[in-house]
Amino acid sequence: MAFHYQDHALAMDAAAAAAETGGHHHPGFVGAGGVVGGGGGGGWEREKAAIAAHPLYERLLEAHVACLRVATPVDQLPRIDAQIAARPPPLAAATAAAAAAAAGGAPSGGEELDLFMTHYVLLLCSFKEQLQQHVRVHAMEAVMACWELEQTLQSLTGASPREGSGATMSDDEDNQVDSESNMFDGNDGSDGMGFGPLMLTEGERSLVERVRQELKHELKQGYREKLVDIREEILRKRRAGKLPGDTASTLKAWWQAHSKWPYPTEEDKARLVQETGLQLKQINNWFINQRKRNWHSNPASSSSDKSKRKRSNAGDGKAEQSW
């Protein structure tokens, strides 16, 4: 059967719950137009009263509202909160429902009603998990695909649609579709789910941001070990790039012995290659880096070296002139 709870605009299909739980259902909880063999509309009202008076009714209602909250945009959540706040207190509602059931002579339902309510709550909890998975993966892909289509259209046409419009139909057709697909009673004509064909609305942006943060957290947790391995590999390569202690000592000894002119000749480099076991390129790179380090650390010595070079160049020039 399909019944409609006025305060929350919830359409519940108990036949689906019965099928999910292996066919266990209350005798009056089948059919779509009323209770099968339950006495028509009066029997249906009695069944509603029995459900509302059941101890698990509040839990069932909470599970159903939780399903609605999963994919509802943030800007639409106050509608659900307002409808819940407008309900009478649970105790008063249960008392009124029990009184109505007693006045109508409705059966209590017994174990079959208890079984139905229990399985329905479990079914809704499972449905909520499926919705969360859908929002986390498929809805995110759909929203991003719409956004990419809008960007492509804008790049091709140069036209920028109005924020939140995304209209691809005439106003009459758009209003007709909105009136048929409203999610809540008293909707103002906007899309209840908030997913426009082109532009992202505020609710969509909130949903995208929430899904993005969840995916970011999951990816970070999933790739944490790989990031640690990569970091260790980088540090290992850095450590491997340093020269051994005895090799560096040999080069530094030569440097200190020739600190006034730390430019080894080709014969010096060949001898250092034999002593250290390094390649000629490594020797050249070490002396280049060592000279840079000493230039920055001892500017006075570098300036004196430059002055010596200038004097030697000047002397060479005078010799050439005299010659």
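Keep in mind that glycine also has a Cβ here, set from the backbone N, Cα and C atoms.
The feature region 'Disordered' is assigned by Swiss-Prot to 158-180 (among others).
Taken from Swiss-Prot, the feature domain 'ELK' covers 214-234. Outside the domain 'ELK' (214-234) by six or more residues, the chain places 136, 140 with a CB less than 8 A from a CB of the stretch.
What Swiss-Prot records for 235-298 is DNA-binding region.
Sequence annotations record features per position, and here Swiss-Prot assigns region 'Disordered' to 291-323 (among others).
Across the range of the DNA-binding region (235-298), the DSSP-based residue counts are 49 helix, 0 strand, 15 coil. Sorting the domain 'ELK' (214-234) by DSSP state (H, G, I as helix; E, B as strand; all else coil) yields 20 helix, 0 strand, 1 coil.
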